[in-house]
Amino acid sequence: MTLKVKGEGLGAQVTGVDPKNLDDITTDEIRDIVYTNKLVVLKDVHPSPREFIKLGRIIGQIVPYYEPMYHHEDHPEIFVSSTEEGQGVPKTGAFWHIDYMFMPEPFAFSMVLPLAVPGHDRGTYFIDLARVWQSLPAAKRDPARGTVSTHDPRRHIKIRPSDVYRPIGEVWDEINRTTPPIKWPTVIRHPKTGQEILYICATGTTKIEDKDGNPVDPEVLQELMAATGQLDPEYQSPFIHTQHYQVGDIILWDNRVLMHRAKHGSAAGTLTTYRLTMLDGLKTPGYAA
């Protein structure tokens with residue numbers, strides 16, 4: 001199978017993916033396309049759940065989401081997001097985030113399959129954090145070099161149906177055990193491309209410390225957040241890329257370098273998506289101080 005790429009960079013379109021004949025796609029071929037463009041849309045694929053999983057396994061090691069309530073009923077590898085009652089978990093992703101940023105190792109790839117999309121203007125916003133970092137003047141970059149950031153997902157953890165009537169302290173203790181705050185270098189280096197990435201997120205990154213654990217002025221973090229564009233309520237920052245898609249497309253991106261959030265459209269109706277997240281086996285280094 002020969003994959004054809006139309007366009008360059010964020011939103012490049014890939015054709016030639018036959019869900020019934022995936023064996024000819026090599027891991028290196030599809031990974032290189034993603035590493036190069038960062039965000040690609042595999043057009044008009046319409047895979048079954050099994051075919052979607054098979055493609056994910058070609059790309060990398062699939063890691064199921066840690067909370068079973070998000071799992072597909074027959075395929076736990078698949079994360080289901082849906083506004084249709086009983087078909088998945090609603091209201092996911094309506095804030096800037098990096099998938100699994102709160103886990104011990106940054107995930108390499110995220111891959112989403114839309115099954116139902118209400119209207120033409122529903123989509124996803126993306127920000128290239130490597131491009132942001134490259135654009136910053138030295139005066140903004142220097143205070144972040146060699147520092148460590150704390151990422152805390154706890155305020156976005158959803159209450160599960162099984163948590164109803166449980167003491168809130170008990171639920172909170174479980175959240176702390178399962179998803180405690182985690183520290184990563186403020187600037188990581190992509191293990192494949194070598195690009196430096198400003199690894200921060202407005203909804204998860206709570207503070208920056210120097211290499212000795214001393215707090216860095218909170219204004220440094222605030223200025224970096226503003227520079228990325230994720231604080232722009234109108235989504236007009238030049239760093240924000242808007243990606244639309246259609247049912248049957250597959251949206252695949254480099255999860256180390258791109259942050260994203262849902263773009264809600266003007267039309268009412270059901271939104272249902274499947275998602276896989278994968279590792280690539282490459283260790284993510286921090287900035288070489």
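Every residue, even glycine, has its Cβ placed from backbone N, Cα and C.
Per Swiss-Prot, the feature (3R)-3-[(carboxymethyl)amino]fatty acid binding site maps to Y65, Y70, G93, Y100, K158, R275. Under the heading Fe(2+) binding site, Swiss-Prot lists H97, D99, H260, citing similarity to another entry as support. What Swiss-Prot lists as 2-oxoglutarate binding site is H264, and the listing cites similarity to another entry.
Secondary structure from DSSP puts Y70 ((3R)-3-[(carboxymethyl)amino]fatty acid binding site) in a helix. Here the binding-site residues are H97, K158, H260, and the one whose Cβ sees the fewest other Cβ atoms within 10 Å is K158.
Cα to Cα, Y70 ((3R)-3-[(carboxymethyl)amino]fatty acid binding site) and H97 (Fe(2+) binding site) are separated by 17 Å. Cα-Cα distance from K158 ((3R)-3-[(carboxymethyl)amino]fatty acid binding site) to D99 (Fe(2+) binding site): 15 Å (rounded to the nearest whole number). Sequence-distant neighbours of D99 (Fe(2+) binding site) (same chain, six or more apart, CB under 8 Å from its CB) are F107, S110, N255, T277, listed in sequence order.
If you take the Cα of Y100 ((3R)-3-[(carboxymethyl)amino]fatty acid binding site) and the Cα of the residue listed as '2-oxoglutarate binding site', they are about 22 angstrom apart, rounded to a whole number. Nearest Cα neighbour of H264 (2-oxoglutarate binding site) among the listed binding-site residues (Y65, H97, R275): H97.
H260 (Fe(2+) binding site) sits 14 Å from R275 ((3R)-3-[(carboxymethyl)amino]fatty acid binding site), counting Cα to Cα. Within 10 Å of the Cβ of Y65 ((3R)-3-[(carboxymethyl)amino]fatty acid binding site) there are 19 other Cβ atoms, across all protein chains.
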